Amino acid sequence: MNAWLTPDWPAPARVRACVTTRSGGVSQAPFDSLNLGAHVDDDPRAVEENRRRLTERLECRPSWLDQVHGVTVVEADPSRVLRADASWSAMPGVACTIMTADCLPALFCDRSGTRVAAAHAGWRGLAAGVLEATVDSLGVPGDELLVWLGPAIGPRAFEVGGEVRDAFVAAHAEARSAFVPSANPGRFMADIYRLARIRLGAHGVTAVHGGGFCTFSDTARFYSYRRSSRTGRFASLVWLQD
């Protein structure tokens, strides 16, 4: 569990954040070992134990979501699983929690350390505006926010069709710079981190940190759905400390 990641961003001291990896759990292959996804056909008892270990180590209460590649943002509630793709909280000890295995996890906080949020951004949610919706849910100006982009599929592995490129370019012409033609006709290699920065910048958020990971190629640390459709999920969490 020492292999878990701590985001490198200038967040206030009371803002805590963490990204789990594959290490430190009890799940068997192909979910080995710290799978936190209850929807991927893993042994439910293993997932329960993995989540218990997570909660015990971090001393917070994760708020799990039923993620559907949409733009709904909810207030984090550890007592139930809400259908949404982002959550926010102003309550100490409540962790906004996102599960991914190639999609982009984005963590948010305000500069005063009073609110946090987490968003799940696959290409559909990203194009539909889940990051912008998360910014709006926090109720503070964009220049008062900090964002950290967590582990997602990298630009050398994320091949998409022309319809994906068109969806982003239609909203922001600058998005053309996030797509490079692939070796396959009509296909493009997409930079999801650049796309996120473009969307956030257009919404007034410029203090964006992180990026540079690739879940597809980093087999030791991260699950990747594109690499193997039968796989686990790791979590990205952000919360306020008392």
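Backbone N, Cα and C atoms are what each Cβ position is placed from, and that goes for glycine too.
Annotated in Swiss-Prot:
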| type | residues | note |
| --- | --- | --- |
| BINDING | HIS69, CYS103, HIS120 | Zn(2+) binding site |
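Neighbour counts were taken as the number of other C-beta atoms within 10 angstroms of each residue's C-beta; across the binding-site residues HIS69, CYS103, HIS120, the minimum falls on HIS69. Other than the site residues HIS69, CYS103, HIS120, same-chain residues with C-beta atoms no more than 8 angstroms from the centre of those residues' C-beta atoms, the Zn(2+) site, are GLN67, ASP85, ILE98, THR100, LEU104, ALA121, GLY122, ARG124, GLY125, VAL130.
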